[in-house]
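If you check TrEMBL, you get these features:
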type	residues	note
BINDING	Ser35, His66, Arg86, Val87, His88, Ala118, Ser220	phosphate binding site
BINDING	Glu201, Asn243	purine D-ribonucleoside binding site
DOMAIN	29-281	domain 'Nucleoside phosphorylase'
Amino acid sequence: MTDEKAWSFETAENVAKYIKQNTHHKPIIGIICGSGLGKLCDMLEERESIEYSKIPGFPVGSVQGHRGNLVLGKSGGKSLICMQGRVHPYEGRSTAFCVLPIRVMKMLGVKILIITNAAGGANQNYIPGDIMLIKDHISLPCLSGFSPLVGPNDERFGTRFPSMNHVYDKEYRTMLKEIAKETGIRLREGVYMMVMGPQYETPAETRMLQLFGADAIGMSSVHEAIAAKHSDMQVVGISLISNLSCTDCDKDALEVTHEEVLDLMNTTSSDVIKLLKAFIAKVEI
């Protein structure tokens with residue numbers, strides 16, 4: 001199957017049909033769990049799980065820390081669908097193929113998409129374990145011609161030229177900041193920068209991205225947010241800061257490993273779960 005056919009409207013329809021046939025849930029909120037954040041699914045009641053590999057045409061990733069399951073259930077009286085893991089463009093697939101699950105969620109009835117990720121801290125005031133609410137984004141891959149919207153546009157997905165002025169819902173960001181204040185969770189807010197990866201950024205690249213306005217740097221999420229906005233979904237983005245990006249190649253800095261990122265995510269994800277659980281209970285759809 002070619003990549004273009006793999007992310008067609010008909011393929012998305014078939015995937016959505018399969019999921020509907022294998023669950024009684026009708027989700028209105030979707031969550032994409034980033035590296036080490038699969039525990040977000042633990043807050044769901046009446047859980048039903050479907051392996052990505054069992055769903056015909058569904059993208060299956062290969063990255064450690066991404067379990068590869070769709071988990072459906074309820075929280076706060078609302079039906080949810082959670083992706084335990086995602087396919088990244090650096091795995092060799094187009095951004096259009098990587099966002100097929102977002103198209104499918106739309107067809108299932110999802111109105112709000114919550115995107116989470118593990119990210120490096122470009123803002124030197126951040127510390128590992130901080131939670132950053134995404135206010136806006138910059139995507140080097142998308143600016144370089146790798147937008148998920150490149151190619152023929154199917155109007156059934158969305159308009160040819162969607163505005164990106166308000167990708168991350170302002171009302172929901174305000175609500176999350178209020179919840180964080182009430183619960184004593186330190187919540188940052190900033191700009192997420194997407195790079196292609198899979199290599200981590202060099203100190204010189206980090207300094208350049210800081211000048212561009214990046215507060216956090218990662219290898220996912222933006223193409224998903226673009227596809228969700230294109231499909232007229234409301235978007236919430238959250239980064240869990242896994243490390244501070246090095247800015248000086250002459251400085252003795254700890255080398256970042258994916259395993260260390262996963263370890264930190266596993267130990268600090270409880271506040272993200274607490275924050276999102278309260279948000280889901282409070283939000284009106």
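Note that Cβ sites are derived from N, Cα and C of the backbone, with glycine treated the same way.
When the CA atoms are compared, the binding-site residues lying within 10 A of Asn243 (purine D-ribonucleoside binding site) are Ala118, out of the candidates Arg86, Val87, Ala118.
Counted within 10 Å of its Cβ, the other Cβ atoms near Arg86 (phosphate binding site) come to 26, all protein chains included.
Remark: Val87 (phosphate binding site) has Pro59, Val60, Gly61, Arg93, Phe97, Cys98 as non-local neighbours, by Cβ distance under 8 Å and separation of at least 6 in sequence. Ranking the binding-site residues Ser35, Ser220, Asn243 by other CB atoms within 10 A of the CB puts Asn243 at the bottom. When the alpha carbons of Ala118 (phosphate binding site) and Glu201 (purine D-ribonucleoside binding site) are compared, the span between them is 14 angstrom.
A C-beta separation below 8 Å, combined with a sequence spacing of at least six in one chain, links Glu201 (purine D-ribonucleoside binding site) to Gly120, Val195, Leu209, Ile217, Ser245. Across all of the domain 'Nucleoside phosphorylase' (29-281), the predicted model scores a mean pLDDT of 91.
DSSP classifies Glu201 (purine D-ribonucleoside binding site) as coil under the three-state reduction.
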